[in-house]
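Copied from TrEMBL, the annotated features are:
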type: TRANSMEM; residues: 6-25; note: transmembrane segment
type: DOMAIN; residues: 27-495; note: domain 'Citrate transporter-like'
type: TRANSMEM; residues: 32-52; note: transmembrane segment
type: TRANSMEM; residues: 58-79; note: transmembrane segment
type: TRANSMEM; residues: 180-204; note: transmembrane segment
type: TRANSMEM; residues: 356-387; note: transmembrane segment
type: TRANSMEM; residues: 439-456; note: transmembrane segment
type: TRANSMEM; residues: 486-505; note: transmembrane segment
type: TRANSMEM; residues: 525-547; note: transmembrane segment
Amino acid sequence: MVMASSVKVVLGSIAFAAFWVLAVFPAVPVMPIGRTAGSLLGAMLMVIFRVITPDEAYAAIDLPILGLLFGTMVVSVYLEKADMFQYLGKLLSWKSRGARDLLCRICIISAISSALFTNDTSCVVLTEFVLKIARQHNLPPHPFLLALASSANIGSAATPIGNPQNLIIAVQSKISFGRFLFGLLPAMLVGVFVNALVLLCMYWKLLSIQKDEEDATSEVVAEQDVNSHRFSPATMSHLSSSNSQEWNSRLESMNTQGSPIMNVNTPAQTETLRSRLAPNEGEIHSVLSGTLDSARNSNVSKEAITDSSSQKKNENALSQRVLSMDRLSDVLSMTYSQGKETLAARWKRMLWKSCVYLITIGMLVSLLIGLNMSWTAITAALALVVLDFRDARPCLEKVSYSLLIFFCGMFITVEGFNKTGIPSSLWDLMEPYSKIDRASGTAVLAAVILVLSNVASNVPTVLLLGGRVAASAAAISAAEEKKSWLILAWVSTVAGNLSLLGSAANLIVCEQAHRTPHLGYTLSFWTHLVFGVPSTVVVTAIGLILIR
């Protein structure tokens, strides 16, 4: 492609520079408007500067990619609602054998969850779990946070739904979900292993800190508040007349608050409790009848009058006790009915969660057999919305619409920058040295993608280079064209591990760790860079060997 006019080149470069600065540094002091507004600003400038026409700008928006991204986000929201990520968090601490075992688990779980549910989602929901585990075991958090972010990036490279740049590659290349998966799965598995090995080597001494015995026996995640003041039938059966009024007042307050006083879930337990209370009620009636008979047969005297007055007092006290027993029986019946309702609600929730998991598995199977990825994801999302039988607005509000808008603005901005001819001219200079039919050419291409992904971000890099790299490889063979797309997916994704600003997943982990209440930790740029450079270089190189 020839270069456009000088005016278009200059104005298009200014618009793209504005987009790039705000995308990489969203809180820049000059204009802290964020990434989403920055992408819209770049798109608007491209149209205002007449680098592209309004019709060309609308045509640049890739609706299949937006549909696939929206569908996967909705599915992730319902999976989170169905406690999928809470179960993943429990796996991190289940029968853990120490800090090194914990780090390896984080690498594996974050990689698998990112491949299936996108890396950003996994980092959002697992960061707090990782911080809890590290703090409760008295371990430094940063090796585990690095394991989470880096493994999430590597794992997301294996599937088209793992990250946004893979979505773009899968749609533009028309590579099926199955071919994409099996082409990159070996590189992903070995990459996760090598990344964990690098972490263990760098932080071996730091991970040798022994945890406290108390922490070793404690539950780490998914802790629930336990009420230590629940009443048991054994203690309630031993009531005395001296505390009957106290129990009566407690029962009334419990009944007023609507909270169950005990767990009575079966008729057998109710009958057991009533049988324990029965002797006390018989004793009450026998004492009452005996007192009345003695009062009738006694002579009228001062002693009888005194006994009569004491008898009335006893009658009142005993009648109050009988009343408290009746109220207790009513509360037990109410608690039993509430227990039946709770059991029914629990089974209903389990059935709903099972349906959510089945629909998600069905979506993955449909993607594997080659159905349209965008419509498959949207269909699964709508099936979950209907299955919920509730107003979908709270769940749909959790979808990152700002990300969808960011993509719209980015599509327009990158298309305008391509119209200037600058990317094509730069590629023409690099293409002779970037032929993937030889090892040196693959290395040069990987280096270009690695640098651009950290300078211009990975998604714009894929949009800028995707078509050009594929066209160059297609001149060699169709197999090389497919391999070039997979190389682009692998390198642009793993490149995110190079620095803290390399991918959105890194920034999410850093921000979530900093904002977590009572567990806040700041992951510094240099801490990430010291680990990121060797890990990214080694993992990228090994993956390039395994991609076929």
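Note: Cβ is positioned from N, Cα and C throughout, glycine not excepted.
Worth saying up front: this structure is predicted, and the values here are computed from it rather than measured.
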Comparing 32-52, 180-204, 356-387, 525-547 for Cβ pairs under 8 Å with the transmembrane segment (439-456), the winner is 525-547
Counting only residues at least 6 beyond its ends, the same-chain positions whose CB falls under 8 A of a CB in the transmembrane segment (180-204) are 100, 103-104, 107-108, 111, 115, 143, 146-147, 150-151, 154-155, 157-160, 166, 170, 368, 482-483, 486, 489-490, 494, 497, 530-531, 534-535, 538-539, 542-544, 546-548
Check the transmembrane segment (356-387) against each of 6-25, 32-52, 58-79, 486-505, 525-547 and return whichever range has the most CB pairs under 8 Å. 58-79
Using Cβ atoms and a strict cutoff of less than 8 Å, what residues sit near the transmembrane segment (6-25) while being 6 or more residues removed from its termini? 31, 33-35, 37-39, 41-43, 45-46, 49-51, 409-410, 413-414, 416-417, 419-422, 456-457, 460, 501
